[in-house]
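Taken from TrEMBL, the feature domain 'Orn/DAP/Arg decarboxylase 2 C-terminal' covers 22-371. Here TrEMBL flags 29-280 as domain 'Orn/DAP/Arg decarboxylase 2 N-terminal'. Residues annotated as N6-(pyridoxal phosphate)lysine in TrEMBL: 55. Residues or ranges marked as pyridoxal 5'-phosphate binding site in TrEMBL: 232, 274, 275, 276, 277, 373. Taken from TrEMBL, the feature substrate binding site applies to 277, 313, 317, 345, 373. Under the heading active site, proton donor, TrEMBL lists 344.
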Ligand SMILES: *Cc1c(COP(=O)(O)O)cnc(C)c1O
């Protein structure tokens with residue numbers, strides 16, 4: 001019997017110490033991925049900057065790791081800003097995204113010294129203009145554009161997807177008005193343009209099309225601006241996913257940008273990307289304990305002690321994962337089985353129709369590549385407790401989020417007798 005090790009620790013030790021379900025993050029793997037991004041994403045023609053899209057997995061310890069590696073940060077809400085501030089993340093390195101940032105959130109950001117805003121629409125730019133004057137604070141604005149490209153795993157479509165909830169069409173009157181508003185403002189400056197074309201992108205030509213679009217807009221400006229290409233780098237959930245190595249992928253982005261600029265005799269100040277999933281996804285593993293085992297006329301089920309509350313992606317996107325019986329690696333996978341969670345939803349399935357060795361109640365199940373959009377999308381549905389999160393590295397583990405206890409479920413509940 002071979003047992004799965006993460007960060008040089010047998011996973012059964014982690015399960016024993018921290019209970020299941022459990023999110024386990026391999027710190028070294030995250031660091032190595034970040035290093036690969038940094039090695040590949042450099043240019044002699046312009047500055048480059050990598051921002052971690054923290055919605056993929058945001059905890060204080062994660063943000064400390066990101067800062068220690070010298071990356072910047074994307075946040076999309078007041079709550080994410082709050083967490084970043086608690087982590088003492090340098091505010092000058094935080095970029096605030098979102099299509100409907102409330103005035104309260106914008107004030108909170110400005111009062112705490114954030115200066116980079118990725119504005120989604122002209123109304124937001126006008127609010128930012130007003131607030132920047134009120135606070136007498138200079139703000140750098142990137143405009144989120146809809147470049148009419150929608151990238152999917154292995155293909156992209158040039159659309160007509162002009163009605164996206166995100167971004168503006170560059171040619172639109174609203175976008176031109178937003179640009180004018182920034183240019184006429186004493187406090188706002190136009191940092192550049194941003195686009196984000198999809199997630200789980202494997203096809204480099206989708207990125208290239210995006211770059212060409214963004215570069216084409218630069219001709220209208222005298223001073224060099226910056227371009228932010230967004231995130232969406234694909235990861236390997238199953239053997240069907242075949243992402244390019246990160247270093248190679250980002251090298252291609254840089255060289256395509258250099259060529260596109262050279263062709264038009266243009267220059268930029270900085271090129272930015274904002275990977276989320278690709279930094280944390282494959283570094284995360286969820287450990288479950290198998291409970292009951294059941295056969296129906298057409299299915300074998302292994303039931304686990306978590307499910308859609310710790311990983312909503314299979315239910316939400318029909319996402320696929322792979323798994324192993326953590327202490328039975330290498331044993332023949334002879335049973336066709338569906339891994340189902342314990343929540344009261346038929347759709348609460350972790351993995352449909354996979355193959356595993358015969359299991360027994362109490363066996364540990366490891367589901368791979370759950371590091372992105374697992375914990376961050378987790379819920380207390382059915383009053384399930386959010387699992388603990390541990391970071392492991394070189395034989396040592398440390399708890400970064402403790403497992404919830406029942407009392408946590410009642411936090412915020414009051415008797416409702418006080419009137420507004
Ligand atoms: C979600 C998102 C990202 C990160 O996407 P990943 O697929 O996790 O890399 C980056 N930028 C924006 C604007 C996003 O909305």
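Using N, Cα and C of the backbone, Cβ positions are placed for all residues, glycine too.
The residues near the pyridoxal 5'-phosphate site, meaning same-chain residues not in 232, 274, 275, 276, 277, 373 whose C-beta sits within 8 angstroms of the mean position of the site's C-beta atoms, are 53, 56, 199, 231, 233, 278, 279, 372, in sequence order. Among the recorded positions 277, 317, 344, the ones whose Cα sits within 10 Å of the Cα of residue 55 (N6-(pyridoxal phosphate)lysine) are 277, in sequence order. Closest to residue 276 (pyridoxal 5'-phosphate binding site) in space, going by CA atoms and restricting to the recorded positions 313, 317, 344, 345, is 313. The most densely surrounded of the binding-site residues 232, 275, 276 is 275 (count of other Cβ atoms within 10 A of its Cβ). Using Cα positions, the member of the recorded positions 232, 274, 275, 344, 373 nearest to residue 313 (substrate binding site) is identified as 373. Each residue contributes its Cα atom, and for residue 373 (pyridoxal 5'-phosphate binding site) and residue 345 (substrate binding site) those atoms are 20 Å apart.
Sequence-distant contacts of the residue listed as 'active site, proton donor', defined as residues of its own chain at least six apart whose C-beta falls under 8 angstroms from its C-beta, comprise 382.
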